[in-house]
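*Asks:* Provided herewith is a single structure, encoded as structure tokens, for subsequent inquiry.
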Amino acid sequence: MWLSDAQKIGVALTTFGILFMFLGVMLFFDAALLALGNMLFLSGLTLIIGPQKTFYFFARKQKLRGTACFIGGILLVFMKYAFIGMIVEIFGFLNLFGDFFPVVVTFLRQLPFIGNLLSLPYIRPIVDRIAGSRTSAV
């Protein structure tokens, strides 16, 4: 897959955004790290898919509740209500990006070590439920 220079920078910004959000949560909901992670994630996403497609992704009618929660959570983090903001933001994130989970799980199951780990008896039903699978193969 060939990426333009802007898309490569977008992948790096998105990765750093996720890293800063993870660190912000691990450091007891540090509002500064969470806000920085949110800004990096959104700017990276915009560089990856473009401004117009980003706007249309967030403005779709069936995604408005997720968009409102995601943006509301970001605003709560900016206003120093980090814990509540992250809960609202996670709800919005799941509503916005929940359609991609089956694709991600299918990709992860094809990886050598992670695929075996996800196929373990006690983990497989949980992963199937997260991915939205109705039946699990034995």
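These residue numbers are counts, starting from 1, taken along the chain as shown.
Heads up, the Cβ atoms here are built off N, Cα and C, so glycines get one too.
Remember, predicted model here, so these are calculated numbers, not experimental data.
Okay, these came from TrEMBL:
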TRANSMEM  9-29  transmembrane segment
TRANSMEM  35-58  transmembrane segment
TRANSMEM  70-94  transmembrane segment
TRANSMEM  100-123  transmembrane segment
*Asks:* Do at least three CB pairs under 8 A connect the transmembrane segment (70-94) and the transmembrane segment (9-29), leaving out pairs fewer than 6 apart in sequence?
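*Replies:* Per Cβ check, the transmembrane segment (9-29) touches the transmembrane segment (70-94).
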*Asks:* Residue list, the transmembrane segment (70-94) vs rest of chain: Cβ under 8 Å, 6 or more residues beyond ends.
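*Replies:* Residues packing against the transmembrane segment (70-94) from afar: 24-25, 29-31, 34-35, 38, 42, 58.
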